[in-house]
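Worksheet: the structure to be examined is printed underneath.
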Amino acid sequence: MLEVRAAVKAPFKLAAAGRGFMNMRMASSKSFQKITVKNPVVEMDGDEMTRVIWKIIREKLVLPYMDIKLDYYDLGIEARDKTNDQITVDAAKAILKNDVGIKCATITPDEARVKEYNLKKMWKSPNGTIRNILNGTVFREPILIKNIPKYIPGWTNPICIGRHAFGDQYKSTDLVASGPGKLELSFTPKGNPSAKETYNVYEFNGSGVAMSMYNTDDSIRGFAHSSFQMALQKKMPLYLSTKNTILKKYDGRFKDTFQEVYESDYKQKFEELGLWYQHRLIDDMVAQAIKSNGGFVWACKNYDGDVMSDVVAQAYGSLGLMTSVLIHPNGRTFESEAAHGTVQRHYMQYLKGKKTSTNSIASIFAWTRGLAHRGRLDGNERLVKFANALEHACVRCVEKGIMTKDLYLLSKSPNGYVDTFEFLDAVKSELDSELVNIA
């Protein structure tokens, strides 16, 4: 038991040296010529421990280096409750107007949260609200760090996985058949009820279950455009996975739509960059992905994406090292956030004045991905370089052995781990070193 206590206590010894080093480097951020950002970025604040971290990132790692207008929206649970969630709608509309949004992790309340925060009602997921208004596709991509082991060692390049988060099982109607009877599916064209189509689905001899689901051509087409846009942005090939051999009309619609969009709008651009697009059956795609070294964008239907995004995240090592971005079909409108939650357990410790070792990397990357997109849209090369430098600073810290507890437990670093704020100090120090190369 004594050995365990010593092991838990020792890791924080690295912190004092890390903080002192940061103070010696602070002058370089003051001498850095600030980047002028021409157009606004929508900033959406969040909840709990990620909200605490979010403010530090903004004040320590972003604002000292640039003149930027942040169109701020507080999406913390209390603000959403106070405005009857109108603040979330307003934030989404602001993203549509300004093209770039950067979001902190937020609480999606369940019954316990409604009671904890004395909420008026169980508000919907702000991510879902924003996604529906923006009509975009969410893509998750791992942050690769050499000394963080992967469960699939062969994945030396990132897999960027897109989930078509509309329709299918998640908007289905299901039922329990209480006994023998006929199950039918019907469609009545609007304005022409006499053209009603009815299909016999199954003749039940006893009790059972049934489900009906749908998707729309507009949503599938938007999903296709978002996927091709992401592949072009990442300069990676794109794969779509379905089961069209079984669902010939349903999944066949996805396959045909993607092929049409590719041929009409993206084939030439892909070929110029040496990229390709392929459709694969979902089972074959999973097998090929496992054998591959990564390095592609994977467009998944709703259920497949729900499952495979978590599989991919875990296989790369940690959900705390996953980025999440939402891309509109136009390729311009963009929202980024961390792929994880609000880290409630650490927040409870923080409120009690206890030290926490919370991983801030995904939250930092939410800022960098949004700033880089703003830079690309505005033709602001210095902003893009700054975003890349901040990402490199995070990675270099971990590769030097400066990391939070979650990554320490994965890497077994001999240096131990630092606390939440010491890691952010170390990132700033590393960033100042990186910025020497930015004119």
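Cβ from N, Cα, C; glycine included.
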Candidates THR108, THR188, THR198, the one Swiss-Prot lists with SER125, PRO126, ASN127, GLY128, THR129, ILE130, ARG131, ARG140, ARG163 as binding substrate: THR108
Annotated NADP(+) contacts THR106, ILE107, THR108, ARG113, LYS291, GLY341, THR342, VAL343, GLN344, ARG345, HIS346, ASN359, maximal Cα-Cα distance (Å, integer): 42
Cα proximity to LYS243 (site 'Critical for catalysis'), best match among recorded positions THR108, TYR170, ASP283, HIS346: ASP283
C-alpha spacing of THR108 (NADP(+) binding site) relative to GLY128 (substrate binding site), in angstrom: 10
Fewest Cβ neighbours within 10 Å, where candidates are the binding-site residues ASP283, ASP306: ASP283
Nonlocal neighbours by CB distance (under 8 Å) for HIS346 (NADP(+) binding site), same chain, sequence gap 6 or more: MET49, THR356, THR358, THR420
For THR106 (NADP(+) binding site): DSSP state (helix, strand, coil): coil
